[in-house]
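A.B. asks: Below you'll find the structure I mean.
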């Protein structure tokens, strides 16, 4: 079980077992001829790890989980929460976006994980579910109300365990156990103190909850595949092996896809594996459309343009991409640099998993809604899923005599696309996030800056904050500020929506409400690509709960 921890609350898990009963380091170790699999899962991130773990709970199901990257185990920078920014490129796909028109044609590096556990093995570990409206929206989009906050809430509880932070620190008053402060929060009318960010109503000043356990990162590789899970005789985990295409059966009259072509990352050896029951793709918001498109599943004409034979015309594959863009402001402050003695802190962490390295530096977040009478809503419809959904997230860090504040837009209207550049399945996808291509987003960012300025100009900060360093939209010209934002904005790396759910029978979308690829037998998708709109949260919690319910849907079919 994955266990959730707030630095100030706790989400804790034991380290993964080192007894690798069924973990294969490369394709050469796989003896598929001797061992057919009921389910083959492509992608060892949150979605794939959760599904593989849940399906293999049934000893009658033989499950193969395929991960393109290496193991997470033994990697100090992954295990130590405070070292997450040090994780090297070995564990990343190394994606770079296409030039972003909305960002003055800048291309951005996009750090998607290539390691067991996926992004949960290298993200910032923040655990925020989002608003109840976000999940109710899934039901509206799919016209299936079994996707809703109410129906998914038990899956949140099944997936997590709330425990105290390392060192025995008292975290009472920093979370609400039913759903698993500072002076300015009382004085500021826009942002009130909120006891628990994960109640379904996240707006306000909140304490952070993290996926950290026993002082270590609690990734999907640790939380859902750790302990004795890897020792199950009916679960095989194949590492360092990339899926290149999914292939249709030649024996079925209907389009039946349960076979995946895979290649060894080290040797280039290639083979195919066929699932007796289902093939489940969990390659992520970039990897899943990349795999489908290379297989001939997508817009027929666009596939023909890159010389890929179309086997199933499904135009929305790769489309509808949305993500969280963020922009940084700064203030000067009366503070001094208090550097951590990293050597001593690491020794403490190694000794008993306590100390400053057991958490990251953000202890509180702010979520805010833009006022309903704001001028931008006279021009644009509010994109929020409902009244419980904030538009803006504010993350602040004290860095010596400065406060760095990141303003994230949670409800973008801009949309992007994932394409393939050629018929070579090993070539990286073309990723266009479409940042700031819708005029609402730029206006919403400006409202977020105004909210942050009002907060930090509050009386609680008198004598501490000494000045606003900008960029300041109240002193710069509109053009100057817009250029500063476009030059400085960056991604929070929360992509979703490239294989979205939609109503059964609808021509749009990629998946039906049971996450089956439309018009195809034997093939499902379980990852962030299925989520129709980016939630008002850091996306890992949403993917965990999607995968938990998907596991039950799959079990219910067999």
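In case you wondered, yes, glycine gets a Cβ from its N, Cα and C as well.
Remember, TrEMBL labels are computer predictions, not curated facts.
Pulled from TrEMBL, these are the listed features:
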type	residues	note
ACT_SITE	494	active site, proton donor
ACT_SITE	538	active site, proton acceptor
BINDING	115	FAD binding site
DOMAIN	284-298	domain 'Glucose-methanol-choline oxidoreductase N-terminal'
SIGNAL	1-21	signal peptide
A.B. asks: List every residue in the same chain as the residue listed as 'active site, proton donor', at least 6 positions away in sequence, whose Cβ is under 8 Å from its Cβ.
C.D. replies: 323, 324, 528, 534, 538, 539
A.B. asks: Around residue 115 (FAD binding site), which residues of its chain at least 6 apart sit with Cβ under 8 Å of its Cβ?
C.D. replies: 67, 69, 70, 71, 72, 75, 78, 91, 121, 122, 221
A.B. asks: In terms of Cβ proximity under 8 Å, which residues at least six beyond the ends of the domain 'Glucose-methanol-choline oxidoreductase N-terminal' (284-298) contact it?
C.D. replies: 42-43, 45, 47, 93, 95, 110, 112, 118-119, 243-247, 257, 308-315, 317-318, 321, 418-420, 423, 425, 429, 431, 495-499, 510, 517, 520, 525, 527-529
A.B. asks: Neighbour count, 10 Å Cβ-Cβ cut-off, for residue 538 (active site, proton acceptor): what number do you get?
C.D. replies: 25
A.B. asks: For the domain 'Glucose-methanol-choline oxidoreductase N-terminal' (284-298), what does DSSP give as the number of helix, strand and coil residues?
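C.D. replies: Its residues fall into 11 helix, 2 strand, 2 coil.
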